[in-house]
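J.: Below you'll find the structure I mean.
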Amino acid sequence: MAATDHEVEEAVAKAREDDKSRRQVDGFDAGKAPPFRIGDVRAAVPEHCWRKSPWRSLWYVVRDVAVVVALGAAAAAMDSWAVWPLYWAVQGTMFWAFFVLGHDCGHGSFSDNATLNSVVGHLLHSFILIPYHGWRISHRTHHQNHGHVDRDESWHPLTERRYRRLPPRAKKLRFTPPFPLLLFPLYLFYRSPGKRGSHFLPSSPLFSPKDKGDVILSTTCWCIMLAFLLAMSCAFGPLQVLKMYGVPYLVSVMWLDLVTYLHHHGHQERLPWYRGEEWSYLRGGLTTVDRDYGWINSIHHDIGTHVIHHLFPQIPHYHLVEATKAAKPVLGRYYREPHKSGPLPLHLLGVLLRSLRVDHFVSDHGDVVYYQTDHHLNDTTTDDAHKQK
């Protein structure tokens, strides 16, 4: 039954009142348009940070491939259950590093040579069962619409109406680890809730007709890698392939989901999401969050410097730290300094758990909205939600 105009007006008023308490921290309004333009941020970044070196980028590929090969050879030679868990953790992290380099290829920050980017991107992403062009195109949509409730592509919030329609079991799974950390393969096939399409089919709503050849090429490469894994299973046994490749692959998926989620969620400041005329590329990009991963920063190519990356994805990863330092005086309070990590970023697990307890949906109404909490989802949400008000 359609809502009356009066009911809609009441809902809008309630949403604004609910969000008002979330909006200000120490007098700072995170949802207010910043006093600077994106050109001001761009001008603060040193000129050399924009330069791409294909040789330097290829060096990182060679380095990571050498580490992956060495780890695989060592684990296969020792073949000990005392070693396998350590191998899975380290090799899975290296698979994730492959993703980040392929991600740079997709943005064109790897080099100015589109052919080189495509070749390297396909090799790296096909190895970890990602259709390179299919993902590249959807990720471009994510960057072009970051922070937009309706148009963002990945990890965008559920509206309250859509959230209420989810079956109880679906709600529980979505916000209960480890399921949220295993969603990426499903996303490749089915996209996010409320969106249709697959990253493998050129007929998907994700793509335009001109993308057809690229999508078919990447899906073919994905199928070749899958066939290779099946052949290895026949030759050496499925258990050996599971130990050498399958478990590290799952670890890399967990890294991918953890990092991409926490770059857009979990900050104590309760960052805004936008609709309509309130959204802009700059305001959407400023809702992203930098994270510190300790000594893993260098292993996964400084992916934690996410704010500047989202504003200027063409900057190579090896310049992102310097570019971030240069831009911080311009960004001011719109840049949130990441919590300093220990050697291992174990603190981020607490951030993830807290966010999953309180960040459930946004209002159906309003152009500047904030995550709200379903207090009935589990017994621990209420206290956490009240602490944030």
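Every residue, even glycine, has its Cβ placed from backbone N, Cα and C.
As the structure is a computational prediction, the values presented were derived from the model and not from experiment.
Features from Swiss-Prot:
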REGION    1-29  region 'Disordered'
COMPBIAS  1-26  compositional bias 'Basic and acidic residues'
TRANSMEM  58-78  transmembrane segment
TRANSMEM  81-101  transmembrane segment
MOTIF     103-107  motif 'Histidine box-1'
MOTIF     139-143  motif 'Histidine box-2'
TRANSMEM  173-190  transmembrane segment
TRANSMEM  222-242  transmembrane segment
MOTIF     306-310  motif 'Histidine box-3'
J.: Excluding the flanking five residues on each side, which residues at least 6 beyond the ends of the transmembrane segment (81-101) place their CB within less than 8 Å of a CB in that stretch?
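T.: Cβ under 8 Å, 6 or more out: 57, 60-61, 64, 67-68, 71-72, 74-75, 110, 120, 124-125, 127-128, 130, 243, 247-252, 254-256, 259, 296, 299-301, 303, 317.
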J.: Under 8 Å between C-beta atoms and at least six residues away from its ends: which parts of the chain pack against the motif 'Histidine box-3' (306-310)?
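T.: Answer is 45, 143, 146, 263, 285-286, 288-291, 317, 320, 323-324, 327, 331, 335.
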J.: Mind checking which residues of the chain, 6+ beyond the ends of the transmembrane segment (173-190), have their Cβ under 8 Å from one of its Cβ atoms?
T.: 129-131, 134-135, 154, 166, 198-200, 250, 253-254, 256-258, 261, 352-353, 356-357, 360, 377-378
J.: List, by number or range, the same-chain residues at least 6 past the transmembrane segment (58-78) whose CB is under 8 A from its CB atoms?
T.: 84, 87, 90-91, 94-95, 97-98, 101, 120, 124, 243-244, 301, 318
